[in-house]
Amino acid sequence: MHAGNPGARPPAAGEEGGGRREEGGGRREGGEGRGGAGGGREGGAGPERAARASGPPAAAPTAPAHAARGRGRAQQWRPPCSTAGDWPPPPSAAAGPGRRCGPPPRYCGPAGSRFERVGRRKGEVLGSSGFFNNHGLQVQQQQQRNLSLHEYMSMELLQEAGVSIPKGHVAKSPDEAYAVAKKLGSKDVVIKAQVLAGGRGKGTFESGLKGGVKIVFSPEEAKAVSSQMIGKKLFTKQTGEKGRICNQVLVCERRYPRREYYFAITMERSFQGPVLIGSSQGGVNIEDVAAETPEAIVKEPIDIVEGIKKEQAVRLAQKMGFPSNIVDSAAENMVKLYNLFLKYDATMVEINPMVEDSDGTVLCMDAKINFDSNSAYRQKKIFDLQDWTQEDEREKGAAKANLNYIGLDGNIGCLVNGAGLAMATMDIIKLHGGTPANFLDVGGGATVHQVTEAFKLITSDKKVLAILVNIFGGIMRCDVIAQGIVMAVKDLEIKIPIVVRLQGTRVDDAKALITDSGLKILACDDLDEAAKMQLARDDKKRTLCPLPSVYRGGCVKRSANVRPPEKLPGNVSAHSADGKAQRGLCVIDPP
């Protein structure tokens, strides 16, 4: 599996199927204070950014990393592409293996902006170009949607693998929480809400209870606290105002660690495979450590074919600062975690914190594991554990229709084939002053049904004021997309403006279908032209139709509340992307 799914670079503009995985959902809260069972840290962005921020080790592999398409199969290594068009240009034509083709990777929006961070999150559902490792194996990340499990599920997997963890059990009712706490026999236990969101410790339940991780001192108190968690929504920074329902709690013994460490395994393109990441500063947001003290993060790349060696784990444990008397114990846990990583086709295993307990034992106090959705066919046990109650309704519907969808905060719906092209489309919408309402990749083999489902997803978002369809028909046939568009507009009675840009296989047939349908859909051949969407509001809260101003008069009347342009107040132009007046646009009055 992992020969086919290493960490990969983010998608470059216009590249179909590019993307680096980035743990955008953040780190789950792991405990309450250093005395708690999980260490009391806030949500972060996972180990990938930490790996990049601290830089590669001095002995990082330098094997060929030629960008070539494939399906993860072994092939003979081919020479790298010509130096023409390389970015950045190599210092010499002899740079050879290790160079890649195409523009530098980037994400949507200004650096550091929320849109840019959300753009990074898209890496969870993107694929990428392949490259070759030391053994001539072409490693390829296909499109994927990572599966995340609840903490208690991850801890059960660790226990099965022989990894040292605190005693505990999941409870789905207050009475079960009482029974588990009594069975543990500890004078104090930790109650941890099980929701797939970070920042639990500082969250608030709809019951009024503050904090999703609580220390209690009797079975009766465990029952009382869990009754305020189970069946209630928890609101954190990551859940927003929607919150996440808590259906169960993890009841575990409280431990008193002497010291906390951070440990993770992930796939990293620069290492051409898996990498172990460790830090002496555990129990906190690893992203903060990477930003403030990057030297505290150490890494150990693992050869995907040869696998992990005990001396590698020992070396990492020593660098992390484990005392000499427990280095072997820490290394043994690391090896077991790596074997679990391979066995279950994981994309990330994160332990925060891994601790030295007061009695000198090494324990994994919390675990987060992500799994590659491409492995669902052979990891049925894992994927049957997915908790659909924790998923966004639209994203859940997209998963069932085999579509890659992530909702955003904008008002221009996007329907694109290819992850890289989808990212480029969102980039160009931002460039012209618009804000995408979603990331939606229908893939290379979408059916008419999937296209219709895609439109249902987009139009279910009430913020959407217009839809941009951008299709490059390589494997995908443009006429199939056109059939889906026509069917969706008729069946769903879509009234908002739709701009369609089609290029490629059977494009003429597709345009004919759209024209013959009699629907008022704007067709365009140029992506830049199609993406000139600008939104603004006047003082009467009316919205400018986000259609390109180049369309001679700007508007085709699509509904009763759409009318031709009028003279707008001067303050409208201040909202435009280029500071110029909005000419040729229609006005949409509130329905």
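Any Cβ shown, glycine's included, is placed from N, Cα and C.
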Of the residues ASN417, ASN438, only one is listed by TrEMBL in the substrate site with GLY474, ILE475, MET476. Which is it?
ASN417
Relative to the Cα of GLY199 (ATP binding site), which of the recorded positions TYR256, ASN352, MET476 has the closest Cα?
ASN352
Cα-Cα, whole number of Å: ASP366 (Mg(2+) binding site) versus ASP188 (site 'Important for substrate specificity')?
18
Considering the binding-site residues ASN352, ASN417, which residue's Cβ sits among the greatest number of other Cβ atoms within 10 Å?
ASN352
Ranked by the number of other Cβ atoms within 10 Å of their own Cβ, which of the recorded positions ASP188, ASP366 ranks first?
ASP366
Do me a favour and check the Cα-Cα span between ARG200 (ATP binding site) and GLY474 (substrate binding site); whole Å is fine.
45
